[in-house]
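Feature annotations, reproduced from Swiss-Prot:
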- A:13-52: DNA-binding region (DNA_BIND)
- A:GLY87, A:MET88, A:GLY89, A:ARG90, A:LEU91, A:GLY92: NAD(+) binding site (BINDING)
There are 2 protein chains.
Amino acid sequence: MKVPEAAISRLITYLRILEELEAQGVHRTSSEQLGELAQVTAFQVRKDLSYFGSYGTRGVGYTVPVLKRELRHILGLNRKWGLCIVGMGRLGSALADYPGFGESFELRGFFDVDPEKVGRPVRGGVIEHVDLLPQRVPGRIEIALLTVPREAAQKAADLLVAAGIKGILNFAPVVLEVPKEVAVENVDFLAGLTRLSFAILNPKWREEMMG
Amino acid sequence: MKVPEAAISRLITYLRILEELEAQGVHRTSSEQLGELAQVTAFQVRKDLSYFGSYGTRGVGYTVPVLKRELRHILGLNRKWGLCIVGMGRLGSALADYPGFGESFELRGFFDVDPEKVGRPVRGGVIEHVDLLPQRVPGRIEIALLTVPREAAQKAADLLVAAGIKGILNFAPVVLEVPKEVAVENVDFLAGLTRLSFAILNPKWREEMMG
């Protein structure tokens with residue numbers, strides 16, 4: 001089973017669509033409908049799901065709440081992940097206030113190096129010094145949202161790795177070096193802008209990509 | 001030439017690495033070094049570049065400033081893109097203040113529907129009503145940063161499309177429906193968290209992905 005990374009991203013899209021369908025009171029769907037809403041082919045939907053098992057019934061399609069539950073299970077959203085934010089500048093503070101983390105992700109720590117920020121209350125806690133990471137992370141925090149300035153990102157990542165973090169959501173525009181046991185995802189809007197630049201200049205490429 | 005989307009993202013990573021090498025005064029590099037820094041194989045680096053031409057010299061490698069210039073050209077960063085922000089809430093305001101857009105991207109408009117926000121000055125301009133998009137976009141703004149709340153995202157996208165936008169960087173956690181001539185990139189940190197969740201639960205999958 002060699003699941004492409006892009007398939008995981010599409011599963012997340014299918015899950016969003018299923019949640020929307022459920023909110024609209026729709027009980028059954030099909031690979032055709034999911035594909036149309038996700039802007040991929042029905043074949044792609046079936047292929048992406050086939051990596052993980054056999055879902056749906058030929059000619060009948062999928063039951064929305066069942067497929068939704070299966071996707072949540074595949075993606076690990078049926079459990080609760082402990083999060084922390086490292087870097088309580090503007091972006092970190094906005095994330096601390098963000099109401100949409102959902103039931104699978106829980107903010108459990110807020111860290112900075114700035115003595116003026118340490119001790120300040122935020123929604124859900126108090127900002128602590130990054131020196132406390134080794135005491136706060138183990139057994140409690142699996143994923144860090146890294147929102148420090150670019151220059152500070154690698155050093156902060158090193159501290160998180162030493163503290164036993166399992167995954168880092170990196171908002172800084174740098175390629176972090178971490179041991180291979182630690183997962184990294186980059187949230188990188190400049191890369192997104194650059195992909196748009198390429199896509200706008202290469203409309204034929206985009207058509208091919210979209211099947 | 002069917003260039004995978006992931007190759008474009010890797011080219012962006014290589015470009016970042018080349019910029020860093022240049023800042024360190026490094027003049028020559030190799031697919032081995034680029035691969036190591038980007039955490040992919042040297043073969044992958046050569047393959048990604050081969051979609052666009054023949055770069056470097058066997059046994060000698062790449063000249064950093066030359067390859068950097070070529071990558072900027074491939075990605076469309078050798079020109080200037082006009083940007084606007086639609087949705088001047090906390091995220092939109094933070095983006096309006098963001099100093100790191102670089103020379104290829106220029107903020108040229110700020111839009112909202114809220115009468116209390118319209119008319120307010122921001123760095124680089126004044127917030128205008130989205131009704132002005134048809135007058136502001138043509139010939140001046142190619143890409144919109146869409147930072148409205150989730151419920152407002154599709155309607156705002158429709159306005160942008162009608163105004164002639166070419167690309168949308170969508171920060172809302174929804175799948176936008178746009179005509180196929182309009183490029184969309186999603187900046188979606190909840191999807192990033194979910195990919196981390198999957199990656200942490202599937203360490204073997206991650207190892208395979210990393211070669």
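The backbone N, Cα and C atoms fix where each Cβ goes, glycine too.
Taking 8 Å as the upper bound (exclusive) on CB-CB distance to chain B, the binding-site residues A:GLY87, A:MET88, A:GLY89, A:LEU91, A:GLY92 give A:LEU91 in sequence order. The residues near the NAD(+) site, meaning same-chain residues not in A:GLY87, A:MET88, A:GLY89, A:ARG90, A:LEU91, A:GLY92 whose C-beta sits within 8 angstroms of the mean position of the site's C-beta atoms, are A:ILE85, A:SER93, A:ALA94, A:LEU95, A:ASP112, A:THR147, A:VAL148, in sequence order.
Around A:ARG90 (NAD(+) binding site), taking its Cβ as the centre, 14 other Cβ atoms fall within 10 Å, counting all chains. DSSP labels the residues of the DNA-binding region (A:13-52) in these numbers: 28 helix, 2 strand, 10 coil. Around the Cβ of A:GLY87 (NAD(+) binding site), the number of neighbouring Cβ atoms within 10 Å comes to 27. Here the binding-site residues are A:GLY89, A:GLY92, and the one with the most other Cβ atoms within 10 Å of its Cβ is A:GLY92.
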